[in-house]
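Take a look at the structure below.
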Amino acid sequence: MAAGSITTLPTESEDGGNTPFSPGSFKDPKRLYCKNGGFFLRINSDGRVDGSRDKSDSHIKLQLQAVERGVVSIKGITANRYLAMKEDGRLTSLRCITDECFFFERLEANNYNTYRSRKYSSWYVALKRTGQYKNGSSTGPGQKAILFLPMSAKS
């Protein structure tokens with residue numbers, strides 16, 4: 001490469017397949033690993049939300065969708081339900097998306113993400129050490145229960 005030249009990356013490989021830089025790859029399914037207890041956030045088909053340590057549990061595969069800058073919805077792929085925080089702080093899941101299904105996603109200094117309710121703005125998505133969800137009214141900055149590491153859920 002000569003000094004001052006510009007190189008562009010192709011969007012397709014020569015054989016027509018996708019490259020690692022293909023558009024839409026950010027939409028790959030994720031697992032949200034909680035620092036508190038080592039559980040993955042699970043959205044069950046019956047609407048319950050809890051944690052599971054079983055990496056093969058299909059209910060931990062989640063679709064995070066940006067709805068605006070810094071705001072995401074979290075959908076359980078197998079359950080086909082959206083994570084929601086109710087007015088009493090309970091975590092549940094809903095078949096149809098509502099204003100209770102949007103969360104501020106923030107990358108913290110320790111490289112974990114937090115998910116804070118947009119509607120109930122001082123409450124966070126959190127899991128207890130037992131794998132049960134933690135009520136939003138009992139959450140706050142600095143707690144291990146609110147820290148999640150997004151991991152690939154492909155395959």
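Just so you know, glycine gets a Cβ as well, placed from its N, Cα and C.
Per Swiss-Prot, the features are as follows:
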BINDING   Lys27, Asp28, Pro29, Lys30, Arg31, Arg116, Ser117, Arg118, Lys119  heparin binding site
COMPBIAS  1-11  compositional bias 'Polar residues'
REGION    1-24  region 'Disordered'
SITE      Lys128  site 'Important for interaction with integrin'
SITE      Arg129  site 'Important for interaction with integrin'
SITE      Lys134  site 'Important for interaction with integrin'
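The closest partner of Arg129 (site 'Important for interaction with integrin') among the binding-site residues, by CA position, is Arg31; the full candidate set was Lys27, Pro29, Arg31, Ser117, Lys119. Put simply, Lys128 (site 'Important for interaction with integrin') is 22 Å from Lys119 (heparin binding site) when counted between their Cα atoms. For the recorded positions Arg31, Lys119, Lys128, the ranking by surrounding Cβ atoms (within 10 Å, all protein chains) places Arg31 first. A Cα-Cα distance of 27 Å separates Lys134 (site 'Important for interaction with integrin') from Lys27 (heparin binding site). Shown in sequence order, Met85, Glu100, Phe102, Phe103, Phe104, Trp123, Tyr124, Val125, Gly136 are the residues of the chain, 6+ apart in sequence, with a C-beta less than 8 angstroms from the C-beta of Ser117 (heparin binding site). The C-beta environment of Pro29 (heparin binding site), restricted to residues of the same chain at least 6 apart in sequence and closer than 8 Å, consists of Lys61, Leu62, Gln63, Ile77, Ser152, Ala153, Lys154. Residue with the densest Cβ environment among the recorded positions Lys27, Arg129, Lys134: Lys134, by other Cβ atoms within 10 Å.
A distance of 17 Å separates the Cα atom of Arg31 (heparin binding site) from that of Lys128 (site 'Important for interaction with integrin').
Cα of Lys128 (site 'Important for interaction with integrin') to Cα of Lys27 (heparin binding site): a span of 28 Å.
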